[in-house]
Each structure stands twice: as C-alpha cells, then as structure tokens.
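Chemist: Checked Swiss-Prot, it gives:
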| type | residues | note |
| --- | --- | --- |
| BINDING | GLY161, VAL162, SER163, ARG164, SER165, GLY166, LYS167, THR168 | ADP binding site |
Amino acid sequence: MSTSANRSTPSARTVFFISDGTGITAETFGHSVLTQFDLRFKQIRLPFIDTLDKAHDALRKINDAYELDGQRPIIFSTLVKANLSKVVRQSKGMHMDLIQTFVEPLEQELGVKSTHTIGRSHTSTDSEEYKNRIEAINFSLAHDDGQSNKNLAEADVILVGVSRSGKTPTSLFLAMQYGIKAANYPLIPDDFAREKLPGGLLEYKSKIFGLSIAPDRLAEIRNERLPGSKYAALANCRYEVNEAEKMMRREGIRWMSSTTKSIEEISATILQEIKSEHRTD
C-alpha cells in the first residue's frame with residue numbers, strides 16, 4: 001500500500017497582507033519570504049485599510065482564521081498610521097510590521113523622519129510605471145480564466161494549462177510586479193476532445209505560454225477545493241495533464257512545469273521568453 005496515500009496533508013497556513021494602500025509592497029515582501037519555506041499558504045490581501053472601522057474588520061478576519069485553522073495566521077503589514085497598526089496588533093496572528101522593522105530604524109540612523117508614503121510615486125517615471133501596472137492588473141483580471149477574448153492583441157503573454165496549474169497567480173504577479181498584460185485560459189476536456197486550443201487563441205499562438213503540473217500535486221490542490229470529486233480524482237488529473245501536454249507539443253507551444261517552481265521562478269522564465277521574443281522580432 002502506498003505510504004503517500006495515507007499521509008495526511010497539513011492544512012495551509014493563512015497569511016494576510018495588510019496595507020492602507022494597494023498592499024503590493026506587503027505582498028511582494030511577503031512572497032519573497034514565504035518562498036523560502038516548502039509549505040502551502042492560503043494568502044489573503046486586505047488593501048486600503050485606512051480607517052478604524054476597516055482595521056477592526058481586518059482584526060475580525062484574522063481572528064476568524066485563527067479559530068478556523070487552529071493556528072496563528074501570519075500578517076505582513078505596511079500600515080503607516082500607528083492607531084490602525086495598534087488595532088491589527090491585537091489580533092491572534094503573528095505580526096510582521098514592515099514599517100516598524102525597517103522604516104523606524106532607518107529614521108534613527110538617518111536622523112530624519114520618513115514621509116510615510118509607502119507605495120506612493122516620487123517621480124513622473126514612477127507615476128507612469130504605476131499606471132502601467134494598474135492597467136496590466138485590470139487587463140489580467142478581465143482576462144482571467146478565459147473570461148474574455150476582447151483585446152487579446154494587447155496581451156504580452158497568454159497563459160494556458162489545466163485548471164489549478166498556477167495560471168491566475170502567475171498572471172497577477174506578472175501584472176503587479178512588471179506591468180505585464182497576461183491573459184490566461186484553462187485547457188478543459190472539451191478542448192482535448194476537439195484537439196484544438198480554446199476558441200480565439202490560434203491567432204495569437206506566438207503569445208501563448210503553457211503551464212503544466214504533476215498529476216499527484218494537481219490532485220492535492222483540487223481536493224482542497226472540491227474533495228472527493230471527479231474533478232480532483234488522480235485518474236482525471238493524469239488524463240487532463242497528459243492531454244494538455246500533448247496539445248502543447250502538437251501546437252508547438254512553449255511550456256514548463258509549475259510543480260516545484262515558485263511564482264517568482266515561473267514569472268522569471270516567462271519574462272525571459274518574452275524578452276527573447278522581442279529581441280528576435
């Protein structure tokens with residue numbers, strides 16, 4: 001009997017990224033730290049916590065997660081206002097305050113007070129970059145999971161792969177960090193039966209990049225969402241992954257496995273492919 005079949009999978013640790021702005025700074029730092037650990041995390045972003053009411057609401061969500069999980073949530077915070085940070089610190093989570101950890105010691109070292117403008121732009125170049133990122137985020141959200149075929153010509157990359165192979169988080173990471181307009185489309189059994197890519201993608205095949213994943217890991221992830229379903233069954237996961245990889249090879253699509261890769265590593269590979277493509281244009 002397989003020992004892996006009997007081994008219980010530890011529940012994902014809940015992580016909150018809290019900010020009185022977009023939360024991108026807290027999330028970026030948090031991701032960099034969390035990727036050092038070979039564990040699963042349930043990540044929740046709470047942006048624009050800029051009033052006491054919102055801070056107390058965040059406090060309730062953190063404490064609810066503690067009661068539900070039976071373990072302390074981890075909190076990455078860039079709350080600038082002390083009164084808001086004080087409320088969140090009363091939670092039952094482990095609090096990682098980026099302001100207190102980094103900004104306050106630098107204030108002492110430099111002998112000046114910070115402007116307390118985490119995430120704000122200081123130059124016209126920064127403003128343009130911020131605008132590009134927001135546009136990319138909106139594009140990625142509008143084109144998540146095959147929601148829309150509109151304006152695909154604007155996409156920098158189109159990710160394809162079976163459901164839960166990492167397309168959505170990769171798309172959003174590319175948008176938030178690099179201003180990359182990334183659409184993503186699931187490859188589903190109907191596509192395998194037709195032996196064709198989802199409708200509307202053939203015209204943009206040069207923009208497509210595929211993500212695959214080991215079937216056993218895919219089954220684990222899907223069972224967290226729909227335990228005991230055909231969708232999450234290992235046999236079905238093997239079928240979908242095999243068919244998706246066959247399709248990508250048949251269509252000449254570049255692809256990689258996301259099984260052991262962090263979002264940062266996947267994104268770096270895609271960025272390299274995009275830059276290489278632009279150099280050859």
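Glycine is no exception: its Cβ is also placed from the backbone N, Cα and C atoms.
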Chemist: Out of ARG164, LYS167, which of the binding-site residues has the smallest number of neighbouring Cβ atoms within 10 Å?
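Modeler: ARG164, out of the binding-site residues ARG164, LYS167, has the fewest neighbouring Cβ atoms within 10 Å.
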Chemist: Long-range same-chain neighbours of VAL162 (ADP binding site), Cβ under 8 Å, sequence gap at least 6?
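Modeler: Sequence-distant Cβ neighbours: PRO186, LEU187, ILE188, SER212, ILE213, LEU218, CYS237, GLU240, VAL241, ALA244.
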Chemist: Across all the protein chains here, work out how many other Cβ atoms are within 10 Å of the Cβ of SER165 (ADP binding site).
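Modeler: There are 27 of them.
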Chemist: Which one, from the binding-site residues GLY161, GLY166, has the smallest tally of other C-beta atoms lying within 10 Å of its C-beta?
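Modeler: It is GLY166 that, of the binding-site residues GLY161, GLY166, has the fewest other Cβ atoms within 10 Å.
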Chemist: Need the DSSP three-state call for VAL162 (ADP binding site) to compare against my parser.
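Modeler: Its secondary structure by DSSP: coil.
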Chemist: Other than GLY161, VAL162, SER163, ARG164, SER165, GLY166, LYS167, THR168 themselves, what residues in this chain have Cβ atoms within 8 Å of the centroid of the ADP site's Cβ atoms?
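Modeler: So the extra residues in range turn out to be ASN184, PRO186, LEU211, ILE213, SER258.
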